[in-house]
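*Asks:* Quick one: the structure is below, and I'll ask about it shortly.
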């Protein structure tokens with residue numbers, strides 16, 4: 001399964017959670033005000049570690065997100081939008097559970113609205129369940145680059161230019177494409193770029209990766225859903241035509257025709273605090289309406 005549920009519960013009236021982390025956007029006053037409100041409300045109840053970037057803006061001592069697990073942090077409160085969540089997850093090799101406060105727009109990865117934040121955090125401190133979502137390790141010429149939570153996009157390095165490439169699954173040719181690019185998405189990322197490119201929405205309980213060509217030249221190049229434990233290889237075919245690989249829309253790397261890109265399911269899933277019993281299908285419909 002690519003989505004599993006775990007529980008952390010309190011004993012009696014005692015808080016189950018003793019140490020939490022906070023990491024936020026730093027460029028919006030309302031986001032920083034929310035962080036200040038959380039600190040004012042809960043600093044006397046639990047030990048709070050604030051990310052270095054957020055702490056610098058607030059003028060307090062900070063802790064890198066990468067070190068929060070070593071400090072005994074049990075969950076990270078991410079204040080911002082989906083991009084903030086993805087950046088925070090990417091900083092952790094083995095991600096801590098994330099509780100997302102939605103200060104963005106659409107927000108598929110952030111379930112808590114600002115007006116509900118304090119009450120929700122208070123409930124979570126007495127115990128919570130979390131869901132594990134699969135991620136994908138990205139390798140370039142055998143060297144690991146990053147781990148993607150949402151998607152990996154391979155696109156032309158020059159705007160409005162198509163690229164020609166092959167996609168192999170476990171050494172079997174899936175397709176040879178001429179297109180603007182291709183998106184490889186996890187079930188979590190199937191509602192992001194992959195969906196905009198015409199790919200299917202995948203329930204997180206489905207253990208799969210979706211392959212979505214972006215503006216393909218031939219009509220037979222269609223989206224594919226493949227097993228999550230597959231090894232995917234991407235090879236550029238045209239000499240002197242470079243491409244760019246973008247990971248979760250956060251980091252990008254230039255690739256050349258002689259380069260080999262491989263994608264494999266990661267051993268370290270993302271973990272999201274569960275705060276609602278709303279079913280997946282209803283939740284997606286609500287977000288998209």
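Residue positions begin at 1 at the first shown residue.
Cβ coordinates come from backbone N, Cα and C, glycine included.
The active site, proton acceptor annotation in Swiss-Prot covers 82 and is backed by sequence analysis. For 82-83, 87, 150-151, 161, 178, 180, 191-196, 215, 250, the entry in Swiss-Prot reads NAD(+) binding site, with the evidence type sequence analysis.
Describe the structural surroundings of these features, if you would.
*Replies:* Residue 82 (active site, proton acceptor) falls within a helical segment according to DSSP. Cβ neighbours of residue 82 (active site, proton acceptor) (same chain, under 8 Å, six or more residues apart in sequence): 100, 104, 106, 107, 108, 109, 110, 192.
There are 12 other CB atoms within 10 A of the CB of residue 215 (NAD(+) binding site), with all protein chains counted.
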*Asks:* Sorted by position, what residues of the same chain at least six away from residue 191 (NAD(+) binding site) have a C-beta under 8 A from it?
*Replies:* 108, 201, 284, 287
*Asks:* Using other CB atoms within 10 angstroms as the count, which residue among the binding-site residues 87, 178 scores least?
*Replies:* 178
*Asks:* Just to confirm: which same-chain residues, 6+ apart in sequence, have a Cβ under 8 Å from the Cβ of residue 195 (NAD(+) binding site)?
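*Replies:* Set apart from residue 195 (NAD(+) binding site) by at least 6 residues yet with Cβ under 8 Å, we have 201.
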